[in-house]
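Asker: This is the structure I want to talk about, given as structure tokens.
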Amino acid sequence: MTGLLFQAFVYLCAAVIAVPIAKRLGLGSVLGYLIAGIVIGPALGLVGDTESIQHIAEFGVVMMLFLVGLELEPRTLWTMRNRLLGLGGLQVGLTTVLVMAGGMAFGLSWTVALAIGLVFSLSSTAIVLQTLNEKGLMKSDGGQSSFSVLLFQDIAVIPMLALIPLLALPELAHHGAETHGHGGHGAELSLIEGLSGWQVAIVNVAAIAAVIAGGHYLSRPLFRFIASAKLREIFTAAALLLVVAIAFLMTLVGLSPALGTFLAGVVLANSEFRHELESDIEPFKGLLLGLFFITVGAGINFALLSENALLVIGLTIGLMALKAAVLLALSFMFRLRGADQWLLVLSLAQAGEFGFVLLSFSVQNSVIPADLSDLLLLVVALSMLLTPALFIFFDKVVLPRLDKEQGRAADDIDEKGAAIICGIGRFGQVINRVLKGNGYKTVVLDLSADMVDGFNRFGIRTFYGDASRPDLLHSAGLEEAGLLVVAIDDMDRAVEIVKHARRERPDLHIVARARDRHYVYELYKAGADDIVRETFDSAVRAARYSLEAFGVHPHEVEKLITVFVERDRDGIRRLARLFDPDVPVFENEPYMKLAREIEKETEDALSDNPSVHDRVKRAWLPPGSKPDDE
Amino acid sequence: MTQQGRKILVLFAHPGQRYSRANAELAQVARRTPGVTFVDLYAEYPRFKINVELEQQRLLDHDVIVFQFPLFWYSTPALLKEWQDLVLEYGFAYGEGGVMIAGKLFVPVVTTGGPEDFYRVGARNNFPLRDLLAPIEQTANLCGLRFVPPYTLYAALRAAGSERLATHVEGYGRFLQALRDDRLDLDAADGLPVLTADTLPIIEEAQS
């Protein structure tokens, strides 16, 4: 018991200390976990047996794949089909073939080389998705391309798992039992003990079919029954049970649990329980994934590494260079440019956690000898360890250099407009149309390459780029602009843009879109002149219709609404001055006090208190009468 | 009753309907009278965004144009002034080619806060009501409309609930019907400064 608590203490402690520090230093959480792992593992020796914990932690990957599957409605898949199949397929295919060729050049037999090729063709979904999300790059063109490739890889694991048993080396086959337990999922129970390669393949297909059929026909009535109990923790338990059960089944038949749960996720993507399942599994996934990264760091065999330092490092660098080269070639084929191209190339150059899975699977199936596998495991781990460094390289070196070269990352902006509009979504479009329609020049910036392409084709000059990057704002003509409109979704970025623009141009008029009150205050503090709550005016219109529906005279409604809007805006203006971004609203005493006062004023105004000369009631009052005297 | 008579457009302008007594009752009558198109301008354009094309079409579609309003500062309420400024365009209502509404009847239906004896030279309002309405009378003239003296209720604020208001409201109904059926003696009306319920020059139909 104390041993378990001690282990938990060490792991949690490492994570809690290392991850925030790493984030603050701009290294990202993944590197933080990895470093935490190295510190408690090889460095301090606080944890010995990382393998058993890694099995538990790999469940984070399993859960992540389940979640990825849940996000993957067939329709989404369809819109991504070109990149998914083209980019992803070519990446996996080319990398496998090239690694295989390299392996055979080193004198390995073709079956071993092919297995290694398959292992190394995969990248780390865990690291890359986590990092892309963290950096807000998921929606960029490069991020989408990376995601497509990762998704294809995740799917490609299925045929790989089916293929690998067929590559079994006869001379290793009888050693299979000894090499068991080598980081693999080969549990004590197995349904495929003593079956030939072909029979295993058949059992595998049957298991997958069972998951799909079960997910499709059984899950709904089952979840409905469980949900009817209205006990949240039981639903959470059921969600976990689902994932665990599928993982168990996959383990029994010797398949990757990640694959099974991914399939289950896809099957359930259209289910009405999807969001519930997502939010239930998400925290487990986050923790386990963190644990997984720690074990990757902790599991690095430094003894083996130092013995073969040159070989392992050489292999790692060679592998990453080769993967990057393949990605670079593909990026030209798929017309990715600038930052997107670099993002794709740098983010996917590592080998991934599926590599661990495939390697141990290969060892179990007597495809790769165990000692070779140990070396390869090091290569995989090392390449994963280097990936956050590549992201930092992307941030600190690639982006600034691209900008120096007059923004190859962003479009080359040749127009200095009277108005800079950041974001050409539903919101920015309206502003742009009105300004253009009245003869004002605009420079439109947007982060979505699809939008930019579409609008350019539509005849609206639009430039691709992240407006929260100062240099892009400058090349868009911030120095000469007469107006800045910040109409992007991402509120934190919007605040950054306003802050920067205000610093550079104290005289510039800035119109900003705010999601809610909180961001009104933030944008006010940042220095925006006009702040528009994105749903306020439409809500006011809906309120107007509602009053009219009750038969209130439209002109009367207009007066009531006008007063309401003025009061609301006045209140928000007064509260904005007291808002402090560093103090939670409910702990901000002056703010709360004023908020209560305003509440009271509004109540008074709406009550029949005759001392309040409400504008609505005073309007067109006949001479000599009092408001509302009957 | 025949529906073949004149078509009447009542343009009602009252921003303070919350407090209206007299005009609210008059509006009820106009709404209920067959052959009358009743338009509450403040309901249709609470934000003063007048649809000029629609309003011009309405003028073309009717033979009698009624402005029904309370007198505010010796003039129409603001929206009715806005309506005049926008709808009676050059080239449509006056000026070159502006003959589109010429020949129609134009009738103000007015309520005032002050009593009749305020509207006299030397009295509190210093002008007869008819003189104060000179701007809209001349507007009608310039547009080629035949101006009918205003159907008037003085001291409307004190009329609520009174016999006087009932008479006036009932008279409004008869007035609109007479206009519709061409039974108003227009020449006789011209001789009067204002029309009231008991001075309406209605030709009683020969009971043929």
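Each Cβ is built from the backbone N, Cα and C atoms, and glycine gets one as well.
A TrEMBL annotation is a machine prediction, not a hand-curated record.
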Asker: Looking at A:30-47, A:228-245, I want to know which stretch TrEMBL calls transmembrane segment.
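Answerer: It is A:30-47 that TrEMBL describes as transmembrane segment.
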Asker: May I ask which of the stretches A:30-47, A:285-304, A:375-394 has the most CB pairs under 8 A with the transmembrane segment (A:53-72)?
Answerer: A:285-304
Asker: The transmembrane segment (A:110-129): which same-chain residues, six or more beyond its ends, come within Cβ distance under 8 Å?
Answerer: 30, 60-61, 64-65, 68, 91-93, 95-104, 138, 146-147, 149-150, 153-154, 156-157, 160, 163-164, 167-169, 289, 292-293, 319, 323, 347-355, 358-359, 362, 367-369, 372, 376, 379-380, 384, 387-388
Asker: Summarise the domain 'RCK N-terminal' (A:416-533) by DSSP state, stating how many residues are helix, strand and coil.
Answerer: 52 helix, 26 strand, 40 coil
Asker: Which bits of the chain, at least 6 residues beyond where the transmembrane segment (A:198-219) starts or stops, bring a Cβ under 8 A of a Cβ in it?
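Answerer: Sequence-remote neighbours of the transmembrane segment (A:198-219) are 158, 161-162, 165-166, 191-192, 242, 246, 249-250, 252-255, 259-260, 263-264, 267-268, 271, 273.
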Asker: Counting only residues 6 or more past its boundaries, what in the same chain has a CB within less than 8 Å of a CB in the transmembrane segment (A:285-304)?
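Answerer: Answer is 11, 14-15, 19, 29-30, 33-42, 47, 50-51, 53-54, 56-61, 63-64, 66-67, 126-127, 130, 312, 353, 374-375, 377-378, 381-382, 384-385.
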